[in-house]
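Copied from Swiss-Prot, the annotated features are:
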- 1-245: domain 'Deacetylase sirtuin-type' (DOMAIN)
- 20-39, 98-101, 186-188, 212-214, THR230: NAD(+) binding site (BINDING)
- TYR64, ARG67: substrate binding site (BINDING)
- HIS116: active site, proton acceptor (ACT_SITE)
- CYS124, CYS127, CYS146, CYS149: Zn(2+) binding site (BINDING)
Amino acid sequence: MKEFITKHRDKFQKISAISGAGISAESGIPTFRGSEGLWKNFRAEDLATPQAFSKNPKLVWEWYLWRRNIIETKRPNPGHFALVELERIHPDFFLITQNVDGLHSQAGSKKLTEIHGNIFINRCISCGQESKETISENTTPLPPQCQNCNSFLRPGVVWFGESYDDFKLNLSIQRMKHTDLLLVLGTSGSVSMPVYLAQIAKDSGALLIEINPERSSFSSSVDLFLQGKTGEVLPELIREILDNPS
């Protein structure tokens, strides 16, 4: 690690990071995939779709409130805080996260985009108005309604089969085209978007460093693979980067 950073220290003008479910898992948040995603015998793939919401919005909201309750008990870990420190000290850093739990913002990250949205945002299906008003099954009839137009509210996340937000996607693509060092953190590559963005960065000349407990589908494409948990490896990596400023 140290030799790699020393050799390439002139490539640290623009640093970016892509974070995935692995960094959230280290805070105790389930991935909500596979067996971890089962809720009342439903899979995430059965509930996180526009079709599921159209068919049974109350059921979908019950699942999302269950997820919100779990996430609210969790806190950012050293991996989140290491990225905050990198943002604080490095003049040109940007974070793209697949995670919808809001832990990066809770830790203090400001230069970021939540490309899959945020689970705590409520968005109207008609007028698009967004809020973070707390919704509880005990006090709010499900599905909740928009105070502006009375249409149903939905969670402010990207569902299976939906397009990404144009602004967030274009912002991420442009950042990948103009980044020197990309940190790929806790993402398995099972979702195509991080692979797509990382490939843009690589094709544009960026160096790629991946931190993961196991090799992923694009580990063969990175310049340095560091095996381990993000919360354990990333703080050390960032100390090396900040100790060797360009």
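Heads up, the Cβ atoms here are built off N, Cα and C, so glycines get one too.
Remember, it's a predicted structure, so these values are computed and weren't measured experimentally.
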Spatially closest candidate among TYR64, ARG67, CYS146, the listed binding-site residues, to GLY28 (NAD(+) binding site) (Cα to Cα): ARG67
Distance [Cα-Cα, Å, rounded] between CYS146 (Zn(2+) binding site) and the residue listed as 'active site, proton acceptor': 22
GLY20 (NAD(+) binding site) and CYS149 (Zn(2+) binding site), distance between Cα atoms, whole Å: 35
The one of SER24, GLN98 whose CB sees the fewest other CB atoms within 10 Å, among these binding-site residues: GLN98
Around the Cβ of CYS124 (Zn(2+) binding site), the count of other Cβ atoms that are within 10 Å: 21
Nearest of the binding-site residues (TYR64, ARG67, CYS124, CYS127) to SER24 (NAD(+) binding site), judged by Cα-Cα distance: ARG67
Rounded to the nearest Å - Cα separation of TYR64 (substrate binding site) and HIS116 (active site, proton acceptor): 15
Reduced DSSP assignment, CYS124 (Zn(2+) binding site): strand
Cβ neighbour count (within 10 Å, all chains shown) around GLY20 (NAD(+) binding site): 25
Assigned element (helix, strand, coil) containing PRO213 (NAD(+) binding site), judged by DSSP: coil
Cβ neighbour count (within 10 Å, all chains shown) around ARG67 (substrate binding site): 23
Listed in sequence order, residues not in CYS124, CYS127, CYS146, CYS149 with Cβ within 8 Å of the centre of the Zn(2+) site Cβ atoms: ILE125, SER126, GLY128, GLN129, GLN147, ASN148, ASN150, SER151, LEU153
